[in-house]
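For reference, the structure discussed in these notes is given below.
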């Protein structure tokens, strides 16, 4: 019998991102209880030697599986030390690969609070609108007009620790330009 190959999309990430992801998932599963019904599978529970963990997130009758890997072929950059993440959506016998943005949106559909449809009417009537979105990563780029109006009205509260975001897990933080907060230039060069 000949070998059959399967190709999977694996996002290269650094080891510390994976540790942060594990920590956030476990915190919200066991401490805050916001990720109820999620299932965490350790590396020793997997039959594949390169799988370091799996997080199963139920989405109705389907589920999202975020699988982390170790011992992969290193990438072209020095920090790609053989760690990666795959994101898979499964329903019965069907499965497909997802990108991190879509995974975060699917998680947002089933978990974590957001504005209700009646919130804008309550805001117009002058009532206090208390529901806020806890899961900012689930909103893709620019939100709807309703969402933008409500975020202008109520600043979202900071959740400590933050909720686990698949997009944040797979984000490439080295190839982004560095941003310095609050510095307009050198004080000695400006003469101040």
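The first residue you see is number 1, and the count goes up from there.
Placed from the backbone N, Cα and C atoms, the Cβ positions cover glycine too.
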>> Between 121-150, 151-180, I'd like to know which one Swiss-Prot lists as region 'SOCS box-like'.
In response: 151-180
>> Give me the CA-CA distance between residue 96 (phosphothreonine) and residue 165 (phosphoserine), in Å, as a whole number.
In response: 19
> When you scan the chain for residues with a C-beta under 8 Å from the region 'Interaction with host APOBEC3F and APOBEC3G' (54-72), skipping those not six or more beyond its ends, what do you find?
Replying inline: 10, 12, 15, 18, 21-22, 25, 35, 37-41, 43, 46, 82-92, 98, 103, 106-107, 109-111, 166, 169
> When you tally the Cβ atoms that lie within 10 Å of each candidate's Cβ, which of the modified residues (96, 165) has the highest tally?
Replying inline: 165
>> I'd like to know the mean pLDDT over the region 'Interaction with host APOBEC3G' (40-44).
In response: 85
